[in-house]
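Asks: Here's a structure for you.
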Amino acid sequence: MTTTPARRDRARRSPLLTALTALMLIYSLVPLVWLFVNSTKTQASLLDSFGLWFSGDFSLLTNIRDTLTYDDGVFVRWLGNTLLYVVIGAGGATALATLGGYALAKFDFPGKRGVFATVIGAVAVPGTALAVPTFLMFAKLGLTNTPWAVIIPSLISPFGLYLMWTYAAQAIPGELMEAARVDGAGELRTFLRVCVPLLAPGIVTVALFTMVATWNNYFLPLIMLKDPDWYPLTLGLNAWNDQAATAGGEPIFHLVITGSLLTILPLLAAFLFLQRYWQSGLTAGGVKD
Amino acid sequence: MFTNRRAFLRAAAALTAVVTTAALAACGSGDDGETGTPVSADQVQAALDAGGSITVWAWEPTLKQVVTAFEAKYPKVKVNLVNAGTGNDQYTALQNAVAAGSGVPDVAQIEYYALPQFALGKSLTDLTAFGTGELDGTFTPGPWSSVKSGGGVYGLPMDSGPMALFYNKDVFDKHQIAVPTTWDEYVAAAKKLHAADPKAYITNDTGDAGFTTSLIWQAGGKPFSVDGTNVKINLGDEGSSKFASTWQQLLDGKLVAPVGSWSDGWYKGLGDGTIATLVIGAWMPANLESGVPAAKGKWRVAPMPQWTAGANAAAENGGSSLAIPKAGANNALAYGFLKYATAGDGVKIRIDNGAFPATNAELKSDAFLNKEFPYFGGQKANEIFAKSAAAVVPGWSYLPFQVYANSIFNDTVGQAYVSDKKLADTLKSWQDASAKYGKEQGFTVG
């Protein structure tokens with residue numbers, strides 16, 4: 001048992017696979033490199049220089065300052081909006097998925113199979129397909145053009161719920177819950193004190209990908225919001241990009257690029273910070289032990 | 001990015017489809033025959049004095065200054081200027097809001113090509129009730145006829161885009177090419193330029209609905225005619241065929257740069273001389289000044305090339321109106337703003353900030369005509385634009401579902417740019433696809 005994995009590793013080492021992985025690595029990194037290189041250029045040198053190398057003055061700091069102050073600092077406002085949507089939307093989605101997944105995994109109640117079918121079905125429906133009906137519904141409620149129109153739909157994550165369900169089923173031994181109950185802990189206490197710590201890797205995983213989904217959300221806010229004051233970064237940057245295509249508009253591609261760089265930094269940080277949870281979370285339930 | 005945008009446009013078009021159907025169904029039921037109670041100028045003035053707040057959806061950059069001045073003049077009025085998206089994005093949002101019956105702005109910017117769609121869908125207030133008859137002669141003929149539809153006036157022209165030839169004089173001088181005055185000369189110039197410098201192209205084109213329809217317009221084509229819900233589409237008429245056969249020569253010789261307008265590559269080409277001309281609306285100078293500052297002094301303006309030597313025909317390209325959606329709350333106040341921005345003090349503010357007017361008074365004023373453009377080497381470019389505005393071929397109209405039609409332009413006519421298909425054939429496919437859509441929407445398409 002202890003020697004097998006090592007031997008298997010050696011047998012599988014292949015130059016072809018290494019080369020393919022290296023290619024994938026380059027493929028994934030080139031856009032990032034491009035983004036960084038070009039965010040150091042001015043609008044003028046952006047247009048008359050080679051895309052993958054530096055040119056002209058190193059104006060990254062000027063660009064960052066301009067991005068943050070352009071149009072009365074609207075970028076900062078958009079950043080704040082995105083953070084609001086992520087904290088409440090993704091945070092709420094994670095909390096709901098944890099509660100629901102735990103309940104579905106550890107309690108028996110009538111209609112559980114129905115819930116299962118619904119959740120699995122919902123995983124298959126892309127959010128984009130629901131955006132228009134959601135819009136019409138929210139319009140009836142008078143919620144369009146408010147932050148709620150973005151936050152409420154973000155609270156629902158069928159995939160998160162499914163993942164927490166499988167994770168909770170594997171990670172929490174029924175005996176442990178029994179023991180807690182025998183010792184006199186109430187249901188809430190059992191959940192918070194005994195189960196949540198066991199679920200932590202799963203929670204982080206769900207939090208990470210609902211965060212990514214909300215951070216990158218484009219279509220939903222696009223049809224829900226018209227007031228730029230409530231735009232998340234994705235919509236705001238697109239509005240800046242469109243400015244170049246307007247009669248009398250000022251092209252600000254350099255700020256769009258710098259803004260994009262600033263936009264992905266928090267996500268990169270979150271991933272580097274939480275990646276070990278991410279890995280252990282995704283493989284959970286893959287192997288039965 | 002590109003595929004995302006494609007996908008989005010499709011979704012937007014699909015949504016628009018739903019909304020247009022609903023609108024047509026509503027107007028077919030015959031309960032909507034009101035002519036509108038007249039609103040006098042005094043009532044509008046009273047609304048301005050009483051104050052209140054209106055929401056304006058527009059992406060046009062100079063409106064910011066107009067709003068500031070307007071609020072200074074009428075201190076009790078608060079204007080909430082919202083950029084709800086550029087062009088198509090904003091139309092989708094507007095259609096959605098109209099369909100949902102909530103969140104509809106009091107004033108919306110709508111391009112001329114999109115106006116019939118909103119007017120026929122009964123989403124806009126007919127402004128004749130406000131006495132727009134008095135504005136006859138205020139606006140240049142092209143834009144003024146563009147805002148009229150079936151006896152009603154559905155917007156006030158904000159700007160216009162009489163077309164002209166913008167060319168990079170350095171490039172023309174370097175290769176000793178004469179500035180073309182006809183389209184045949186233009187094709188010859190394209191060949192000569194590309195032969196002299198394989199990196200340089202006479203212009204860029206990847207298939208642009210606005211440009212194509214404008215050129216057909218100038219050639220005297222009238223491919224779209226609309227009478228109520230009866231629509232005729234004929235993209236094989238004489239004007240359309242003239243355009244197709246000339247432009248086909250440029251495509252066959254690979255003489256146009258495969259660069260999309262408004263992209264970063266486009267701005268680059270305009271700056272480094274690889275895109276040598278643009279035939280485009282008169283609003284372009286402001287874009288050249290801010291987007292291509294490096295080429296200052298190199299560009300010049302000339303009249304649009306002609307289809308017949310010695311003729312003097314022009315067309316409009318782009319341009320927007322300000323309209324009042326029906327569901328808006330305060331129409332009198334909204335009209336007060338409309339008039340201020342399009343025919344009042346707002347016009348001068350907008351021109352000073354680089355917009356191109358649609359009003360006769362400004363187009364004929366000496367200050368305007370004598371303005372020297374340092375960007376064009378001191379040339380008095382407005383003289384050329386004003387002549388173009390006066391020479392716009394009358395009688396043009398867009399489809400009442402032009403927004404959708406333009407959204408499928410690249411799927412049909414775009415084929416001629418990337419395959420062996422002929423432009424004339426792809427125009428026919430565009431016609432068929434548009435007609436099919438029109439029928440689905442309840443129009444009688446002949």
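A Cβ is built for glycine as well, from the same backbone N, Cα and C atoms used for every other residue.
Pulled the feature table from TrEMBL, pasting it below:
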TRANSMEM  A:16-37  transmembrane segment
DOMAIN    A:79-274  domain 'ABC transmembrane type-1'
TRANSMEM  A:83-104  transmembrane segment
TRANSMEM  A:116-136  transmembrane segment
TRANSMEM  A:148-169  transmembrane segment
TRANSMEM  A:190-215  transmembrane segment
TRANSMEM  A:252-274  transmembrane segment
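Each of the listed features needs to be described in terms of its position in the shown structure.
Replies: Sequence-distant contacts of the transmembrane segment (A:16-37) (same chain, six or more residues past either end, CB-CB distance under 8 Å): 51-54, 257, 260-261, 264.
The list of residues near the transmembrane segment (A:83-104) in space but at least 6 beyond its ends in sequence, with Cβ under 8 angstroms from a Cβ of it, reads 112, 115-116, 147, 150-151, 154-157, 160-168, 172, 191, 195-196, 199, 202-203, 206-207, 210-211, 213-215, 217, 221, 232.
Sequence-distant contacts of the transmembrane segment (A:116-136), counting only residues of its own chain at least 6 positions beyond either end whose CB sits under 8 Å from a CB of the stretch, comprise 104, 144, 153, 158-159, 161-162, 165, 219-220, 223-224.
Here the transmembrane segment (A:190-215) has long-range neighbours at 82, 85-86, 89-91, 93-94, 97-98, 101-102, 106, 154, 157, 159-160, 163-164, 167-168, 171-172, 176-177, 180-181, 233, 266-267, 270-271, 274, 277-278, 280-282, 284, meaning same-chain residues at least 6 beyond its ends whose C-beta is under 8 angstroms from one of its own.
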